[in-house]
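*Asks:* Would you mind keeping the following structure in view while I ask a few things?
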Amino acid sequence: MTKDVEAVGPAAEYSGKDYHDPPPAPLLDFDELSKWSFYRAVIAEFIATLLFLYVTVLTVIGYKSQSDVTHGGDECGGVGILGIAWAFGGMIFILVYCTAGISGGHINPAVTFGLFLARKVSLIRAVMYMVAQCLGAICGVGLVKAFQKSFYNRYGGGANSLADGYNTGVGLGAEIIGTFVLVYTVFSATDPKRSARDSHVPVLAPLPIGFAVFMVHLATIPITGTGINPARSFGAAVIYNNEKAWDDHWIFWVGPFIGAAIAAFYHQFILRAAALKALGSFRSNA
């Protein structure tokens, strides 16, 4: 979840002549590998994803243990689906706010993939972010298992799986649409042109991103447990390591990546008309 900074003063008024799109990121930027800021950003993605998985998976397991009537729980106890959705959305809001100025606050390989397609990050940075996010997710869920092993094993480890009564097509569609909502929100909330135009309206970018995660969870928890983040699904599956967790695991990679690609195309080529701008620039230089 990246943020581009434009030199727009607090009293400046937006006009088409005042705004210029930032240059696209190079496909391969080997100079990044010699900069401490690059490694600092990778570490920030690792820690942010670790914290994200630790808090959210712990919330899921806590809810299941509190509502398990066979072990003395209350069927109406715990935070419920609403509370779980708030945990995921709230943590994204907090972590994006904390890391946006360091790494862009992606915390999700699907977000990183969408921003890579839009030429917001280089291929090297995208790959390193995804690796860091997956490792952070594994470590975050590993901490949950280490602290509450009995509850962790009993209540499914917070792993994503397709709910009974739904086929893979429904699950895949839910992941595609859910990730589209998230990545589309990321593009809209961090659009530098919008920031320049609406500089008089203070909008905290992590807030709509967190709300997008919250709303998608409300809609898709009953279907897939809500992935929309391949690192979240992968980390939980690796630590839980149950056959059911791996049965339809591909859904939680293919769905989010397709959704992110559609969101990137829609924002860049439809809303921002990047293709038309490129064609106009080509004609003017011809």
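Here the Cβ of each residue, glycine as well, is placed from N, Cα and C on the backbone.
Dumping what TrEMBL says about this protein:
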TRANSMEM  42-63  transmembrane segment
TRANSMEM  83-105  transmembrane segment
TRANSMEM  126-148  transmembrane segment
TRANSMEM  168-189  transmembrane segment
TRANSMEM  201-223  transmembrane segment
TRANSMEM  250-271  transmembrane segment
*Asks:* Under 8 angstroms, Cβ to Cβ: which one of 42-63, 201-223, 250-271 has the largest number of such pairs with the transmembrane segment (83-105)?
*Replies:* 201-223
*Asks:* Look at every Cβ pair spanning the transmembrane segment (201-223) and the transmembrane segment (168-189), keep those 6 or more apart in sequence, and say whether at least 3 of them are under 8 Å.
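*Replies:* Yes; at least 3 Cβ pairs under 8 Å.
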